[in-house]
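Participant: Before I ask anything, let me first share the structure, which is written out below as structure tokens.
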Amino acid sequence: MGNRVTRDDFEWVYTEQPHTQRRKEILAKYPEIKTLMGPDPHLKWIVSGMVFMQLLACYLVKDLSWKWIFFWAYAFGGCINHSLTLAIHDISHNVAFGNKQAKWNRWFAVFANLPIGIPYSASFKKYHIDHHRYLGGDSLDVDIPTDFEGWFFCTPLRKLLWLFLQPLFYSLRPLYVNPKAITRMEILNALVQFSADLIIYYLWGLKPVIYLIAGTILCLGFHPISGHFIAEHYMFLKGYETYSYYGPLNWLTFNVGYHMEHHDFPSIPGCRLPMVKKIAAEYYDNLPHHQSWIRVLWDFVFDDTLGPYSRVKRLCKLAKES
């Protein structure tokens with residue numbers, strides 16, 4: 001179905017990622033941006049409300065028919081779970097309790113993970129730091145698709161399938177691209193998560209557990225919110241490897257759409273990223289950005305010049321661990 005994507009390799013570049021230099025320039029010109037760094041005092045309450053909302057939903061769906069379980073998983077619960085994965089993204093940058101309370105952030109991420117149904121937060125933290133440090137780094141940034149993904153998912157029908165299977169690829173790709181030893185926090189994350197799943201199963205049966213897990217898988221796959229996975233770093237215009245989105249879905253996603261601003265200043269919580277854009281407007285207003293995540297998904301599927309290969313890659317030297 002459709003023509004093959006014209007691209008047959010990644011866009012290899014031999015320059016540093018753009019965020020490091022832009023960060024230096026902006027901080028030199030607007031040092032007040034440093035005051036935006038630090039914890040978001042509201043994040044823990046918002047996330048806690050979302051977790052308890054999903055626990056209430058587990059009780060409410062326990063007697064529904066299976067078709068309604070999957071409907072509400074896609075239309076409601078999965079949206080909350082996807083939002084919680086993005087809260088975990090923010091928490092991985094220590095913006096819930098601050099850098100001095102790293103353990104509090106790690107454990108709060110485990111708490112935010114509970115409605116997702118599958119242990120996620122500790123593994124995400126382990127790999128996400130590399131995504132920032134080695135953006136596009138060959139064999140380091142596991143956000144980059146594999147060569148197989150780029151080669152095989154090259155027609156509209158296959159790209160659509162790839163979007164549905166995104167949760168699978170995001171889960172398995174690190175094990176192939178950049179395997180790392182399992183950490184103690186990952187084991188604890190799994191123990192807490194599976195214990196919570198068993199408690200929900202014991203209290204209300206199988207349907208609430210399926211509601212949670214199905215919502216996560218469905219809404220991290222082909223779903224309007226999942227447009228951010230493609231919008232953030234897929235090269236819609238040559239020479240640009242990070243893009244922002246300033247539309248209304250940011251209200252549901254902790255401003256993950258402000259992605260250029262986030263990569264420039266990862267220690268600034270999502271709630272304050274619009275202020276970065278406002279203060280340093282001349283650095284962002286003229287950069288290409290997306291108007292709609294739904295349009296991003298449409299273009300990705302049906303534009304023959306776009307596909308999993310539409311990413312910038314670079315060779316990076318390993319930073320010395322402190």
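Cβ coordinates are placed from backbone N, Cα and C, and glycine is handled just like the others.
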Participant: To which of the residue ranges 107-124, 161-178 does TrEMBL assign the term transmembrane segment?
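Facilitator: Going through 107-124, 161-178 one by one, TrEMBL gives transmembrane segment for 107-124.
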Participant: Quick one: do the transmembrane segment (68-87) and the transmembrane segment (187-204) have at least 3 Cβ pairs under 8 Å, skipping pairs fewer than 6 apart in sequence?
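Facilitator: Contact between the transmembrane segment (187-204) and the transmembrane segment (68-87): absent, because fewer than 3 Cβ pairs are under 8 Å.
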Participant: For the transmembrane segment (107-124), what are the same-chain contacts with Cβ under 8 Å, counting residues 6+ beyond its ends?
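Facilitator: Long-range Cβ neighbours of the transmembrane segment (107-124): 44, 47-48, 50-51, 54-55, 77, 80-81, 84-85, 87-89, 91-92, 96-97, 174, 183, 185-186, 188-190, 192-194, 196-197, 209, 212-213, 215-216.
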Participant: Average the pLDDT scores across the domain 'Sphingolipid delta4-desaturase N-terminal' (5-43) and report the rounded value.
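Facilitator: That region's mean pLDDT is 93.
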